[in-house]
Amino acid sequence: MRIWILIFFSFIKLVSSLQYTGNGVLALDFVAKTFPNQENQLEKRDYTYSPSGITSFPLDLQSYTYYTTTLSIGRPSISYTVAIDLDMPYTWLTYYNVMAFNPAYLGIVNSGTQWSTDELRYFLCKKESDSCYFGNASSSFHFVTSPSTFFIRYDDNITVAGINVQDSLSYSHYQALPDFQFGITLKEYVPSSMLPYKGVLGLAASTEINSIDYSDSISSFSPPTFLEQLVKEDILAYPAFSMYLDNQGNGSLLLGAVDTSKYQGQFVALKQTKLTHYAVSIYSVQFLNSTFFSNYSIITDAYFQTRETYIYLPAELAYSVMDNAGAYLSEGYFALNCDEIDLEAALIFQFGCNSTIKVPISLLVIGQVSNICLLGIRPSTDSEIVLGLLFFRNAYTFYHQSQKMIAIGQAFYNATSNLSAIVDQHIPGALTCSQYPTSVASTQLVQTSHFTSTSLSAVNISESVVYSYTSSSSMPSSAIPSFNISLISQNAVANAGNSFSPLSAMVIMMMSAVFLGLGII
């Protein structure tokens, strides 16, 4: 009999405003506001102030699922919510009349149920104050013709298809990037167990994504990234940014600068081990508490991902570390009795040149059932380590795309700021590390411990349940469904008093016509 675990998440809204501080620095600050719990709580995976030259954008921590910020787009500008994504280079917004589709006809195999069209529109677009992209009467809106479409499939199986457009991106209330290129997503495939995105702000380095033509033929192209476009317009000097999140859900995304007040101890710049992913070498994972210390030597790649909630460790390592912590296992979740958590207990991640990030076990608690605390450490069948949001709450990270370097430091929860703009290839305050793995074979696990480990015990938690969203919709394998152009036009005119105009209807009709011609709708 399957035992379900109920995980209680708080829903946190972060209010943001993009501020330009001059000469290439932009900044986004977080202000945390707590909202009632969502009816549906979703799990990402089952294993799974200011010198000149700085720019900033605000971010939101959504239910321990992902960070969001707002982009002000169009003339007049409208604010749209987007998830921060370190793994994808392209930025896109969901269209207000988004439709669900099944990409199986493209040879993409999916199983299980998915979010329906009605569910996507209700969840993503129902709030007028935080709606989806309307294709409204923006005087700066125009289509991109080569290529005209984009198609993205994420590693969690979320799949989106849409058109490439340009519009004005505003910041500091009066300045703008006039021809900001991004995508408008018209079709989405979202598994029922996943949380759909209202949009994505891609912060990965430039890499190819797909386009799909009228005959469903998929090709590739390299879209201009968000950071590349800011550099091209001399808003930033270099494609570089940093991220900080404290233990209360507040934080900032800082473009073109390092905030030296947000870390303590060493700030070490590590060479990326992957060209198209933010990954570095990790040398060991250590566990310590008030009575003992254990070290696990394992040289492998560690990926920084904001679209992941948990910290994923190779299975053997995950079980060994959690065993040392005294955790037990139930339905794939590691757990501890809440009243027995050692406040001195922590995981320490060691990177190159002995740089370390300490993550207290108490900050790994993702939910509680009675006296049982569930932990955000997940075993994975992969040999790599994935560092999700629970890691970012303890680390200040900086990414220099030109140098292919990632600098890390232990997060220091400080309300002040001390910004240093990036004016060359140098990372202010950082020690450059040139260490490369030599002593231990890749992914080999070697334990040194001050005590004898015991086996993990599996227990049954009879009073607990998993609250999992399940859609009743399972779309058949077919081509992306067509829009009803006539109905869209009627809706646009009927809603003219709510941000629509005759031009809105015309723009939407043009978008639909373009997609019909391309075979996308």
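Note that Cβ sites are derived from N, Cα and C of the backbone, with glycine treated the same way.
Listed features, source Swiss-Prot:
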SIGNAL    1-17  signal peptide
TOPO_DOM  18-500  topological domain 'Extracellular'
DOMAIN    67-409  domain 'Peptidase A1'
ACT_SITE  D85  active site
CARBOHYD  N136  N-linked glycosylation site
CARBOHYD  N157  N-linked glycosylation site
CARBOHYD  N250  N-linked glycosylation site
CARBOHYD  N289  N-linked glycosylation site
CARBOHYD  N295  N-linked glycosylation site
CARBOHYD  N354  N-linked glycosylation site
CARBOHYD  N414  N-linked glycosylation site
CARBOHYD  N418  N-linked glycosylation site
CARBOHYD  N460  N-linked glycosylation site
CARBOHYD  N484  N-linked glycosylation site
TRANSMEM  501-521  transmembrane segment
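Locations of recorded Swiss-Prot features on the structure.
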residue: D85; record: active site; DSSP class: strand
residue: N157; record: N-linked glycosylation site; DSSP class: coil
residue: N289; record: N-linked glycosylation site; DSSP class: coil
residue: N295; record: N-linked glycosylation site; DSSP class: strand
residue: N354; record: N-linked glycosylation site; DSSP class: helix
residue: N414; record: N-linked glycosylation site; DSSP class: coil
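The two recorded residues N418 (N-linked glycosylation site) and D85 (active site) have their Cα atoms spaced 25 Å from each other. In this structure the C-alpha atoms belonging to N289 (N-linked glycosylation site) and N295 (N-linked glycosylation site) are separated by 12 Å. Note on the domain 'Peptidase A1' (67-409): mean pLDDT across this stretch is 91. Other C-beta atoms found within 10 angstroms of the C-beta of D85 (active site) number 23, with every protein chain shown included. Comparing Cα positions, N354 (N-linked glycosylation site) lies closest to N295 out of the recorded positions D85, N295, N414. When the Cα of D85 (active site) is compared against those of the glycosylation sites N157, N295, N414, the shortest separation belongs to N157. In sequence order, S261, K262 constitute the residues six or more apart from N414 (N-linked glycosylation site) in its chain with CB-CB distances below 8 Å. You'll find the Cα of N157 (N-linked glycosylation site) roughly 35 Å from the Cα of N295 (N-linked glycosylation site). Minimal Cβ crowding within 10 Å, among the glycosylation sites N295, N354, N418, is found at N354. For N157 (N-linked glycosylation site), the Cβ neighbour count at a 10 Å cut-off comes to 19, with all displayed protein chains included.
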